[in-house]
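According to TrEMBL, the feature domain 'Pyrroline-5-carboxylate reductase catalytic N-terminal' maps to 10-138. Feature annotation from TrEMBL assigns domain 'Pyrroline-5-carboxylate reductase dimerisation' to 216-320.
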Amino acid sequence: MTQQQQHQGRLAFIGGGNMAEAILGGLLACGYPLSQCVVSEPIQARCEFLQSKYPGLQTLSGPDANSLAVQGSKSASTTQSLIQDGSIQVNATAASTDFAPAEVVILAVKPQVLKNVVVDLAPALRALQPLVISIAAGIETSAIARFMADGVDEEALVAGSVKLPPVIRVMPNTPALVLEGAAGMYATAEATAEHREVAESLMAAVSKQVSWVETESLIDTVTGISGSGPAYFFLMMEAMEEAGVKLGMDRATAKALTIQTCLGAAKMAQLSSDDLETLRIKVTSPQGTTDAAIKAFEAGGFRDLVQKGVTAADARSRTLAKELGGAKL
Ligand SMILES: O=C(O)[C@@H]1CCC=N1
């Protein structure tokens, strides 16, 4: 049994966008049971798309969809009545409308709506104590804890009479869609070793690289490197394709050569025991063609530019944290 298959508990995805789909698709590809997954997604057309792609998947849409996804449905008749009163639509095969409360809740909504979503779910989360995994960029675990504590006396929290669920923050990236993701993870002190293992096994289904960071601020740096990173490589590839076209090559050839070069370089970097600098030097004959290109890049301040780009993403992640998580409820 692979590590990815170890945890097979009830999973609730809150938000059914690209990243949720990537994680779900990867888990199913690794043998995770479809009947254990439920997706709450406000856009009905998106639910239908997910249903057609993953036949039998339970998707929920409507005002109570998030809490139903977390709390589960005690019986098919409960679900039926919810459909009849029009407040919720449950798309599932009749046999699987009865589902248990979530053991893991994956918060996969845009950072801008995370606060409202978590505040709405707060009583259910406190009652059920699932492992909460957030993939929202920029929202700190302390903010998520504050949203989950909505309406609770500070004293009750301090005294421990009200407990908040453990939170693990993940910054995945879109190559997860093709099972080649890279993810950074941060766990709060409340998360146990078992919680960490569950979160890691879920993310490992779609990520070839899963790295834990010891301080939460490093999640902002993960965002600057691997979260936003695919776009940097796409930009580089766009520029190389364009350069080929300007030099007289047809676009399709320039694109294909660029993509395979990027893939080949990444694979070499991954498989070789040489460091990145040595790999570069091995391609670069003295006074040769690569040497000419690298000199042009260095003269244009390439490294400094990359530093600036990564730093800008890191800084934006920190600003998002202040904008979206900082305000007291
Ligand atoms: O650009 C963004 O805000 C998100 C976070 C990392 C990748 N995309």
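The backbone N, Cα and C atoms fix where each Cβ goes, and this holds for glycine too.
Using DSSP to sort the residues of the domain 'Pyrroline-5-carboxylate reductase dimerisation' (216-320) gives these counts of helix, strand and coil: 88 helix, 0 strand, 17 coil. Under DSSP, residues within the domain 'Pyrroline-5-carboxylate reductase catalytic N-terminal' (10-138) fall into helix, strand and coil as 62 helix, 25 strand, 42 coil.
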